[in-house]
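Database features (TrEMBL):
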type	residues	note
DOMAIN	A:255-472	domain 'ABC transmembrane type-1'
TRANSMEM	A:45-65	transmembrane segment
TRANSMEM	A:158-178	transmembrane segment
TRANSMEM	A:198-218	transmembrane segment
TRANSMEM	A:254-278	transmembrane segment
TRANSMEM	A:298-319	transmembrane segment
TRANSMEM	A:339-363	transmembrane segment
TRANSMEM	A:384-405	transmembrane segment
TRANSMEM	A:452-476	transmembrane segment
Amino acid sequence: MPVLWILLIVFAIAAAGYVLGARRVDALSGGDHRRLHSRTTYYGWNVALFALVPALLLLMLWLFAQPLLIERTVSSYIPDSAIAEGETRGIVLGQVRDVAGTLNRAVSEDVITDVEAANLQPDDAEVMDRLKAAELPILTTPEILGAAKAHRRMVETASTWLGIVVIALALLWAGFALWRTSPDFRARNVVEQVIRGVLIGCSCIAIATTVGIILSLVFETINFFQLYPWQAFFFGTEWTPSFGGGSELGMLPLLWGTLYISFIALLVAVPIGLFAAIYMSEYASRRVRSLAKPVIEILAGIPTIVYGLFALVTVGPLLRDWIAQPMGLGNSGSSVMTAGLVMGIMLIPFVSSLSDDIINAVPQSLRDGSLGLGSTHSETISKVVLPAALPGIVGAILLAASRAIGETMIVVLGAGAMAQISGNPFEAMTTITVKIVGQLTGDNDFASPETLVAFALGLTLFVITLALNVLALYIVRKYREQYE
Amino acid sequence: MTDATGPIARQAGSRSLLTPDARTKKRNAAEARFRAYGVAAIVTAVLALCFLLFTIIRDGHSAFQQTYASIPVTLQAEIVDPEGNRDPAEMAKVYSMSYGRILDDALTQWIEAEGIEIEGLEASDIKGFFSGEAQATLRSQILADPELVGTTVDMTALTSSRVDGMFKARVTEESAARDAKTSPAQIALANAMKDRGALVTRFNTGFLTKPDASDNRAEAAGIGVAILGSLYMMLIVLVLALPIGVAASIYLEEFAPKNRFTDLIEVNISNLAAVPSIVFGILGLAAFINFAGLPRSAPIVGGLVLTLMTLPTIIISTRAALKAVPPSIRDAALGVGASRMQSVFHHVLPLAMPGILTGTIIGLAQALGETAPLLLIGMVAFVSTYPAAPPEGFFDPASALPVQVYNWTQRADPAFFERASGAIIVLLVFLLCMNLLAIWLRRKFERRW
């Protein structure tokens, strides 16, 4: 039974429960609503929520656990002898899933019948030919085919049982809630408790996301370090992945490119953003401010792919033809400078709006004191306001740096793909994010170090940006408290 | 009375307040400079924005125009219907390639009929004049209406990207001489046709509605599938992120006690807002595709990933909106006997709704432009069929607007760059509309307490 159907049926039960609950309490009270503890709608909601919440929770849990359990059972179908040299159990299980998926597609496209799929043998030439004719060939060992058939069978049984169990649960709880309904029943309190639980559950999705990110990164990274030594990854200076094996996967060239590009981006964004913020908060008239601020913030609303295309089509050739080639610094359109400049433009609003907030938070009395002592406006700003705002501005710059390090599309299109450590900003270099995209797009083999390295890179990226963010937030928060 | 200050003042007072001394001049100059830096910074930022938008529009506006050839085409029965029985099933066995010959013959005949003579015009120039897509269109037209076979009809056929480029200043005499796929003779032919009205340039509806096309058919590529895919993902994000985000904000803002657990949630939300988007892509790949077994390239996976990314934005703006509702509203509701839940759901939430919607639209706009995570979950795949209607369509392969742009930048034919810029114009128009809607909502429903 498709999950969508189950959902619809559960919702239908809940809706029916709402009507029944409200009716029942109405009848029990004899039409005199003063005898009820809560308003009739709450009795309806009570039944509906009791039908919905446990059923949906079970559904989610089941869908989460099902692949794990099936995987474990299918794994027992494959003896160790069926795993070829140089392969792991994970690869074979992946093949099992692929074969099962092919069988499913063949059945859904009416190439073979359900019964044929369930009884398929590798020597069944007639069915195999039909599969081949439909461009769904199955070329595999008997063990894997057997496991795949078991996989299919289990998924089928599981989905039937899922429907039965979930719907039964919804009916059971709805019946229980209906039975409990009486004029004295404190329906509102119960409903509010349940809603509160739902609200807390929704808040926890943030935690679940973080946990999900960490788990997905850490597990695959551990797999990677089992195949490739961690010293070579963290301290290697060569990046030459080749899917045939024998690749060098040193992170340092990527880290260098990332930091170099981010540095140039900050070199562009910090002065421009900071001065723009100073001008807008200290000098600009209300009209100029109300005009300039939204215009600069448009820069923040432009998607990064647009900046990427801008770097690739416009800025890159411009820098190459006017600066790099005449000065003999390189012939590459994509370069550290290209990506850095464009990323700098993207970061301007980020720096300026954060600095703006921070400068505005400096108490007016400090400015008044300085102006009263006879300093000029600019002296007040540079000698009083900025030092007072410095910790906050440092925080803003750190946040911008973390943005720059994690930025992907601009560097994918603007920085090139050459992994090298060089000081020349007009040469193409590459970053961590570029290589994550490079290693994970297309067909992946999740058992080769060349694919898994992307997860290790992702974890490195996550740790660096997280550390920068935590530090920046800590500084900003600490600073804000100072004047409150 | 003392006159002690007199002489000192006199000594220093050799200068007047009205004529600034050297140091004051210096300080004033520094002041002016400082101010100029500020102006320069703002002007730089604004100029960068203008330059960016200008180049995108300059490169992309031509994607909305397309050149078509309009010539009489004789549908030779011996090519189209070799069996001669007008049976569509039999005719379907004839490949599109053969239809190319019909178009080529039609063009050759037209050139003879018009008496055009061009030096160096070769068969390959005529063969390469039409798009591969024109053959396919002609084929499906004839299969739909077999009565046309043997007649001569006025066809409007898509020309190749090179011919199209001649009228967009992308292909010039020089570049054509170097290009293997076109030649100066083909340019002369195109100009001759243009003069006689056989080439028309008109608004390119196909660009907005057609799916992506293969590498050598840039002229037929469109963003129809990408728009549909983006739309599906936005639907998923809206349906999931809005209720979840609002529920989370209500809990954190109105009910959460001050304790460690609440702090943990808050720290998580603020950190998630700053996690690089590509990490969400890795999460989507590992959790939704590898673990949960959802299909690659499907809008459902993209929608889920973007939901997780958008949640922090929506939560932050919803909390601000809830905070802006004055406590007196809550107090009044509680005072007349409402429970806390009732005061929030019946009074605070409706009042905060405009703010919440504004934040949601801005979050959606962000999600619409997001590219990196979608690359990792396989949205880069070449998709030339439209996804089905929801809900099944959520599981069909689709593209997304920003990913389509990325895809086109990876192709060799420069015509794809024009398409990429054109797609960006469409994307920016969508974003502009969403932001204007947000601003309008804020203006219309904003309340001052």
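Using the three backbone atoms N, Cα and C, a Cβ is placed for every residue, glycine included.
Long-range contacts of the transmembrane segment (A:298-319) within the same chain, counting only residues at least 6 positions beyond its ends with a Cβ under 8 Å from a Cβ of the stretch, are 333-335, 337-339, 341-343, 345-346, 348-350, 353, 407-410, 412-414, 426.
Highlighted: of the candidate stretches A:45-65, A:158-178, A:254-278, A:384-405, A:384-405 has the greatest count of Cβ pairs under 8 Å to the transmembrane segment (A:452-476).
Long-range contacts of the transmembrane segment (A:45-65) within the same chain: residues 3, 6-7, 10-11, 13-15, 17-18, 20-21, 162, 165-167, 169-171, 173-174, 176-178, 181, 185, 187, 190-191, 194-195, 197-198, each at least 6 residues beyond the stretch ends and with a Cβ under 8 Å from a Cβ of the stretch. Same-chain neighbours of the transmembrane segment (A:339-363): 260-270, 272-274, 276-278, 280-282, 293, 296-300, 302, 304, 307-308, 310-311, 315, 319, 385, 388-389, 392-393, 395-397, 399-400, 403-404, 407, 410-411, 414-415, 425, 476, 479-480, 483, counting only residues six or more beyond its ends whose CB sits under 8 Å from a CB of the stretch.
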